[in-house]
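Straight from TrEMBL, the features:
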| type | residues | note |
| --- | --- | --- |
| DOMAIN | 6-182 | domain '3-hydroxyacyl-CoA dehydrogenase NAD binding' |
| BINDING | Gly11, Gly12, Gly13, Val14, Ile15, Gly16 | NAD(+) binding site |
| DOMAIN | 186-252 | domain '3-hydroxyacyl-CoA dehydrogenase C-terminal' |
Amino acid sequence: MIKINKAACVGGGVIGGGWIARFLLAGIDVDVFDPHPEAGRIVGEVIANAERAYAMLTGAPLPPRGKLTFCKTLEEAVVDADWIQESVPERLDLKRNVLMEIDAACRPDALIGSSTSGLLPSDLQRDMQFPERLFVAHPYNPVYLLPLVEIVGGEKTSHATIKAAIEKLPPIGMKGVHITKEIEAFVGDRLLEALWREALWLIHDDICSVETLDDVIRYSFGLRWAQMGLFQTYRIAGGEAGMRHFLAQFGPCLAWPWTKLTDVVDLDDALVEKIGQQSDEQADGLSIRDLERIRDENLAGILQALKAGNGGQGWGAGELLKDFEHSLWAGAKQTAPADHAVPLKLVEARVSPAWVDYNGHMTEHRYLQVFGDTTDALLRLIGADLAYVEAGHSYYTVETHIRHLGEAKLGQAISSACQLLSVDDKRLHIFHTMSDAISGETLATAEQMLLHVDSKAGKSSPAAPDVLAKARAIIEAHASLPLPDGAGRHVGQKPRVETA
Ligand SMILES: NC(=O)C1=CN([C@@H]2O[C@H](COP(=O)(O)OP(=O)(O)OC[C@H]3O[C@@H](n4cnc5c(N)ncnc54)[C@H](O)[C@@H]3O)[C@@H](O)[C@H]2O)C=CC1
Ligand SMILES: C[N+](C)(C)CC(=O)CC(=O)[O-]
């Protein structure tokens, strides 16, 4: 699979910022051109949101973040990029000019995607010298979490461009869907526009408020759509006879006066004010950034749930997330801490909202998750990585003892470090310490015993010599460290047997 090495984003607003975050968090360097005086701050806030969202979305090891560079000119930004994403405002004249500038300055083999929500690629590529490399790459907001990209070619777009564009999306966790006929607004925005038009009529005619309308969506079919879309949902709604019965029963309703879809509501001042006021009331003081964070938490939760769907194989966008995580594990390289003679700091994290329980601090199993991640990082460091596991060998944890010594609170930056206590052919005895990343206060410790296994044979076996050699090199470096406080401890209280 040919990955994107270097991306350029022209326009760094809502959508450009989302693309920038998507590329950076996939480990890709990004050069940005946006003349807005506050582009750096705006993009920085989107990236901060995206990092927070990824901490909730996945426990898989993300690659080191790509390098972000703001460029003074468009030419400078695109000159050595292999994927250029145009996300300037939705105006044909502006986009044509910007695309001509990109066309003149970029590499001949660069792919040029436009984020346009509805303009035809044939219109966009009209004035380009090399129009065969231009395509629509229409994403959904927030680009860093929603994986779909509608890929649409114009009359002059080459097949090779479309193929290459679709191939380059999975490594950044996205799914390209090729819309083979170019039409305005493609597929997604055609559907959204129909719903949006009808919604505006319902508010205009005082049938319901914006809040009631949103409730109708989010408590009902919105939940269904996230996992099965429209046709599969309606197939089920047809009962055992499926889609044909559904069409027979509900087809005639299409001719009834259920919708006003062909009419366009007049967005006059009164309607704009009415919607604006109701929307303000609905927000109840939450800022756009607050709402973005709530949205991201919810989306991460939905994607997580979909990953567990279909008997654990993943379903829809959850299956894509599962594949993306697999590729992250496969590509994960654990960089060795510079100093081996101290406990190895292997994990840095922030306590995410999904980790907090009714006591207002990190819930028990998340401590184990962080310690498990620390163990995984150690295993990668000594060569027991995904390739090793897929070849039929692994370490299984056979015992864990956790001590909770402090409270990890929402948003707190934490780190976890590992000290090796002993190593032999089959066993790894390790001790992790979780600390506040700033004060260094110890929050929890975990002592673990791991057993090396031949997972195909289903029994313990000696570890590979190179894995053992790396583990032994660390233990030699740790030999001068004192035994950590709490090592060898067990639950002190003697169990009492009540007698009648
Ligand atoms: N906002 C949304 O929900 C979605 C928008 N899109 C599409 O993405 C594109 C951008 O939309 P938004 O990000 O919402 O707009 P935006 O207004 O948030 O951002 C546009 C950015 O382009 C910059 N810009 C203006 N002229 C420029 C130039 N000559 N060179 C470089 N940068 C320039 C502006 O400073 C601004 O930061 C549009 O084509 C839109 O249809 C696609 C999917 C969803
Ligand atoms: C409103 N919009 C047309 C810009 C929306 C989109 O293009 C896609 C989305 O994210 O809803």
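Quick reminder: no glycine exception, Cβ is built from N, Cα and C everywhere.
Each of the binding-site residues Gly11, Gly12, Gly13, Gly16 was scored by the other Cβ atoms within 10 Å of its Cβ; the lowest score goes to Gly13. Proximity of Val14 (NAD(+) binding site) to non-local residues of its own chain (separation of 6 or more, Cβ distance below 8 Å) is seen for Val46, Asn141, given in sequence order. Its own atom aside, the Cβ of Ile15 (NAD(+) binding site) has 24 Cβ atoms within 10 angstroms in the protein chains shown. Highlighted in sequence order, Cys9, Gly17, Gly18, Trp19, Asp34, Ser87, Val88, Ser115 have their Cβ within 8 Å of the centre of the Cβ atoms of Gly11, Gly12, Gly13, Val14, Ile15, Gly16, the residues recorded for NAD(+), and are not part of that set. Restricting the average to the domain '3-hydroxyacyl-CoA dehydrogenase C-terminal' (186-252) gives a pLDDT of 96.
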